[in-house]
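Novice: Relevant sequence annotations retrieved from Swiss-Prot are reproduced here:
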BINDING   404, 471, 474  [4Fe-4S] cluster binding site
TRANSIT   1-47  transit peptide
């Protein structure tokens, strides 16, 4: 739970309103970067950025009726982004005429909800709240994909229990070995364009590659959806990312997202939903498989969604899928999820952003200026051109063509072609001595396509080690994990320290062809497919759309907006004065002055505290001095699916991949303080519950990852953002160590919405206001989390 979040669990709250007043694929495979992000550009607070008004001036807004899916160019009242339009369709209980906007808290009933190996904990939550029947079994999809190589009796029993539950409730179920859940959601048509599709996994963003609004939920949310068909969501700030140019030969979607993560690496899109856009020509250079890769890794970029438009490229892809489905499953007819009739219906009125839709920020990237690129080691925010790493002769021990990010048939074909070219008509060459190259397809159908094309056989002949279609090493499970001292390169999505094995190993990320070329050579290398366009010397990125004329117009619109806002404020104040008597008006001014005086005296307004919720929370500060501490650092993946792990063990392993000394340094009752973007990464709820198991009641950070905030709320872990405290700790303790006991004291006065810091014995004491903690959040925490809250509500029904 984070103080600035105000979830409503099963009700709708409107957080704020806004006035819109603004105007052959592998032949393209490959990023030479010599640009740096703007110095000092650190957008740490997701909700503090001034909205950028797009496309229209205030005078162009007209009260014109329009379809909710009006095409760009259609002027409507209260224009919406694509994200807002989709949420509008799946929000329930809205007041009549309400149009949702970024910042609103809404109750959503998503089209689909997928769970995977975490389904059994969801089952236990589902039953513990008193639910006996899934609200809508057509809404739920269950897949087994994470720990499929674990043949222990306990894991096999868990898998069988999950299957039995799914069968009992008539839920669509996909067994271990069928593929990764996200890929199944795509290829089976569950993630349909224009729908809100969620999963209890952080890479649900991937559905945006087929123009579905995909976003992660956590286990407790999934249980709520199973039981009631709905859960809560706050519509995030929305960023527009415009692509210009076209991908050069040898550049991939993986290179695009690595570039975005590395070049915009100051949390520009942290906790945002991203809408990708560009000209028809530009977007046609991004096939659906590349879009899936890009959307998938918007998670690593810090976003909670990343959606592409519904366009002709998507239509062609859907047509091909529908034709294959009709050929292979003629008996299904209209019951199939991907049909030509459904496609026709979709494209009769596809959702698109309105003219004048409001975006929190706008960024652009010129695809023509990209070249092959590698992320790492152990970070997606650090990236280097392949050609520069080739000159360093970095030896590798392991290579991986795995994950929902890049192990589809097209990716497997790209890797196989590296070996075919090296064969030059002769025998397929072997992987370099001392290198282990692990391959597993994103799904069984994708593997079958690769087998029919001969690509799978090429990789096996080269000496690749086959694993089942599942998550495997990407999650740090199964065979082939990185050992201490290893260097690995992977086509997956995360290379965080300890993610794919030992924290003493180094992991890089790259496209499938770069991974294959590296495995063949025994060191990081590219396949040599990149053809640099004439005149390209650097990657072109920036704020805005990349269109100087349009961006200049937007700047003018922003200036006008500021003037109009000031005028509206003055008019509003005058109207209120006129509506009141002179005495009342004088009283209002007097009260305002009194309030200011009271604030100067430190006498803050009080909020109500519900029974069972503490008025104050205090303790000694233990400081983890790092930004972007991810969920793998907080709670390693190797423990995530050990459902029988004890609370004491959780307390011992918390922060293990970040700093093993944390367990001995931190004590029950401490206040954990960390840097910015704390808790980024996966949806595992143990990142929150393990901190609670350690006896730590409150986490303070410069900012939080959205999914960690959600898990905190649902599991009754308190949190508050105090960037000033992080800055002061770093100023005072110059020597950077992973974890330190500071001797400082922290107190959160919930009733007064104020925090007080005492900087050591005899040190300075200072205070500042923080966001109010509303009653509904207090209620959830007071009863021990959302699961118990829902159970209580069900028992009262």
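Start at 1 and count along the chain as shown; that gives each residue its number.
For all residues, glycine too, the Cβ spot is worked out from N, Cα and C.
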Novice: For residue 471 ([4Fe-4S] cluster binding site), write down the residues of its own chain that are at least 6 apart in sequence and whose Cβ falls under 8 Å from its Cβ; none is a fine answer.
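Specialist: Those within reach of residue 471 ([4Fe-4S] cluster binding site), by Cβ under 8 Å and sequence separation of 6 or more, are 145, 146, 148, 180, 402, 403, 404, 477.
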Novice: Within 10 angstroms of the C-beta of residue 474 ([4Fe-4S] cluster binding site), what count of other C-beta atoms is obtained when all protein chains are considered?
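Specialist: So the Cβ neighbour count for residue 474 ([4Fe-4S] cluster binding site) comes to 27.
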Novice: Using an 8 Å cut-off from the Cβ centroid of 404, 471, 474, can you name the remaining same-chain residues around the [4Fe-4S] cluster site, in sequence order?
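Specialist: So the additional residues around the site are 145, 146, 180, 203, 402, 403, 405, 442, 470, 472, 475, 492, 493.
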Novice: In three-state terms from DSSP, label residue 474 ([4Fe-4S] cluster binding site) for me.
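Specialist: Going by the DSSP assignment, residue 474 ([4Fe-4S] cluster binding site) falls within a helical segment, counted as helix.
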